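Everything on this sheet refers to the single structure shown next.
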């Protein structure tokens, strides 16, 4: 078999007159009665191959048997297309290959999906036949983007003198965070490994070990409920460094991300990135990962609401809640009563009891609650919300968390429906100064907002024992266009501070020692100040490639129920395997 001389998508007018050897798949076959045209595809693109009896009767005879997705080896001569046949929409559109020889390297059945960017196959079918789905150019381009992103990050971190170090996949189960995937040990009867949710503790121990600068393209595993931007196994760019301040870490990540954007996406973004405190993000956008590509911020009306004539507003404030509003500029005429009812049902998903609304007209406010506001109150409302005729005002009165969640989600929905979002923009943002702990009323205990190893502000360390809910974390999240790309923090590196953190989280001394004794002991041997960040590679590629689903950025992903339609994993195992592990199944029967 002759060696391939050209990739299909790279045969250009410079090759006219040359004999070429091409290998690839049949994208399309057209029989024009005496002439057969085949679009031959490989990962670089498509080239048109012509089978003409005047050039080779033998090649034409073979071409008559060829169907879509056959794998071919074609030998032929490159010629220029005639004036009427030029296609400037494709890189090879000015030439074609006159076939002199063709051999079928492999035949193909009729494929269950169309191998094209605009395939009509359902996602389940695409996942079941993932190896066919991956042939689509849009999929290859996505994974080329992923490769370019990873390569750029590796090159950047190499210039910054980071070492790439692999950490264990079989590790210890810890109680914090999502559920672990457990792996039974055959050697240690009744004991289990866990697959890592992140390399957090190992990368900190590498700092104890004096490595100073570490990174890893790390596989991570979390047994949690899934959604469009989550997978049970995912990849993160894991970074840790000693002796750097928070500002130094953020500056380095900005330099890295601007290089990624330029080298992998061809987009210039400016640094430094804007920074916003967590409290400000929640107050202004109702989100800890605000999409800053459009305005429409939340306005706090609690002070006004406390003294207004609308009881729903006043009672919300009196019970410790708040009233906030969104002004959808110029949207009054775009939303009917039925449309607003749909918005009301939407915010109820986020816990809101309802959605109050007003339309601003030239002669005043109109809507179901307009009668509760006198002329003076109406004027205050309009001035506070900077409202003018044609605006739609939307209000939620409830607990602070419900107001933030519901209006934050409503803001994003309105931004999309009103086409306020500039899809060409890439808006990076740092969200800083997070709460260290969050209180869970159902569990009646505190949980770490990020993880238990996050360093509090020095002046807040004592609050861990007196008022844990007031302690602030030296933590930072990187946000891009309303998506959390990753999070990081400075880490606790002193045993006494770590023990205070564990105590605030409800650990007894015995529990802390049992779970994390190795880390606490390590802190007694001269641990340097350190910090880092973990960036979600899958999500970053999803955003840069313009995809809407994480599954499109992972070669062989799982479904929303964490199953693989291709291999049918998870699956039962042989009884002998269970016996070897001394395991017995106790599967509950479905009623």
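Cβ coordinates come from backbone N, Cα and C, glycine included.
According to Swiss-Prot, the residue from 161, 164, 166, 484 that belongs to the ATP site alongside 222, 223, 224, 231, 536, 537, 538, 539 is 484. Counting only same-chain residues six or more apart in sequence, the Cβ atoms lying under 8 angstroms from the Cβ of residue 224 (ATP binding site) belong to 178, 179, 230, 232. Taking 484, 537, 539 as the binding-site residues under consideration, the smallest Cα distance to residue 491 (L-aspartate binding site) is found for 484. Confidence over the region 'Aspartate' (200-203), given as mean pLDDT on the 0 to 100 scale, stands at 97. Closest to residue 450 (L-aspartate binding site) by Cα-Cα distance, out of the recorded positions 84, 484, 537, is 484. Secondary structure counts, DSSP: the region 'Aspartate' (200-203) has 4 helix, 0 strand, 0 coil.
Pairwise Cα distances among 222, 223, 224, 231, 484, 536, 537, 538, 539, the recorded ATP-binding residues, top out at 20 Å.
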